[in-house]
Ligand SMILES: Nc1ncnc2c1ncn2[C@@H]1O[C@H](COP(=O)(O)OP(=O)(O)OP(=O)(O)O)[C@@H](O)[C@H]1O
């Protein structure tokens, strides 16, 4: 696999060593998860580390006592046997207790990390969230969150118990032949570099794979999500999408196989070296027994000590290696958790009510987009007024609302709230005063209560307020018909869910906005899925609700906006016309052209006028 400079930098030795600097954080994370369980796990691991050598010594005593039973009597054998049996049982119990506590700890740890990731995700700005690098980091963090920190902990623990076993087993051998212990400890280090390299490569493959993995996830999402199902079925995209998914998977498999092969080859070489060393040392021990230097029980103890030292020093090395690899992955988790949350507000003024909104020469470019989505936009609106924003697709209408709601805050010019720059207010506080229905509103596959109550989470269980919002959105008869009223599950994803139509979902989203006692109500294409009658009701309610508040709506239906106090016509991010309907019609500009064109497109102009005359009460 060819590596570029960036790849080499990521997996350089220096970087791996640096990644150990996250250990204090990992330990803090483990400690904060459940320190009592952590201490218990550490203590049991230590005991587990010592127990093999104790068992070995007790076995040696038992065999030697059998050899000399004729001089010492059966009681000696019995005592040695009971000791061995009791300790074996204790060590088994230690193992069981350890796996019990570990299994609980693992669940707690995974949950803690997932929570951290979720909390971080929602704290990000929309700009960061839409960034594909951030999405990659998020995916990597999510992928690794479940198991890496726990593996690190397990690895650390088995290192502790491995070191204890190794020291005690090697000490037995040092007494016999010091050089045997030395060789056994040294040999695994010879494999260190090869396995480190393979581990680095493995990380690199996983790291570079993230964008493709997200794509694979997306293919599978397209095929398994109910919202896409109809279209996938209708256009018979299933086979094509499965093929795309498979192609990606085949690529992953090839890479994984090449790493597995490298590991296998290195494993065979080092296993052979180990076997030769092992056999040679066994011969030395057997020969010592043959010349009566050691007793038969000691032969058993030494041969086991050789195997133990060898396997422990080997697993010590592979433990260190996988720690390096886990570190590289975990670093990505911390990189995500450390992503800076953009907070440019220094002065946090309190806001009691939004009375006026003024855009002054506001221009804005999306990140990675050289073209201005908004250019020198200026307007002012005050309480009790409604403003309609119209314009072609992509003219910047939604972007305008994204700036007002501070989903993006790095715009040029300024937005004034009650005459004070929007940058002086806390974003959360400001949003508390606004209710928005975006074009791509969320369809929460939850109960009707939550779908509406999410507009004001503190009032979720105030059914009277929820029902008010339901009435305002004109879905009272729909809610009445639901089997459990407000507490009916809606959507198709979960059990007993009642599916709604597109327009009904939209009205639920509108009820959600009405649920909020806001000073500014923003509806982005509120009528896109509504039939004319529903649209009429919604607009009527909207105008009622606005009363002394500010109402902004974006629409493509010119006929439905003509009673707005301000009409803003945008084109390519610029305000090209601004005024009341009559004024704009008199101007004979783009607005009047578009209005007339749309009116002509309706099969019955009279009917249309009749319908919208009702909205204004001018019939
Ligand atoms: N998240 C984004 N990142 C980059 N560019 C974007 C993003 N969202 C919108 N744009 C671009 O900004 C411009 C304005 O988009 P916006 O969504 O504000 O248009 P709109 O007037 O609301 O359109 P529509 O009527 O289709 O809803 C478009 O050219 C669009 O491609």
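In case you wondered, yes, glycine gets a Cβ from its N, Cα and C as well.
Remember, predicted model here, so these are calculated numbers, not experimental data.
Annotated in TrEMBL:
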type	residues	note
TRANSMEM	38-58	transmembrane segment
DOMAIN	39-318	domain 'ABC transmembrane type-1'
TRANSMEM	78-101	transmembrane segment
TRANSMEM	156-176	transmembrane segment
TRANSMEM	182-205	transmembrane segment
TRANSMEM	267-290	transmembrane segment
DOMAIN	357-597	domain 'ABC transporter'
Out of 38-58, 78-101, 182-205, which stretch touches the transmembrane segment (156-176) the most, going by CB pairs under 8 Å?
38-58
Overall pLDDT for the domain 'ABC transporter' (357-597), taken as the rounded mean:
88
Any residues 6+ beyond the ends of the transmembrane segment (38-58) with a Cβ under 8 Å from its own?
30-31, 80, 83-84, 87-88, 90-91, 94-95, 97-98, 101-102, 105, 153, 157-158, 160-165, 168-169, 172, 301, 304-305, 308
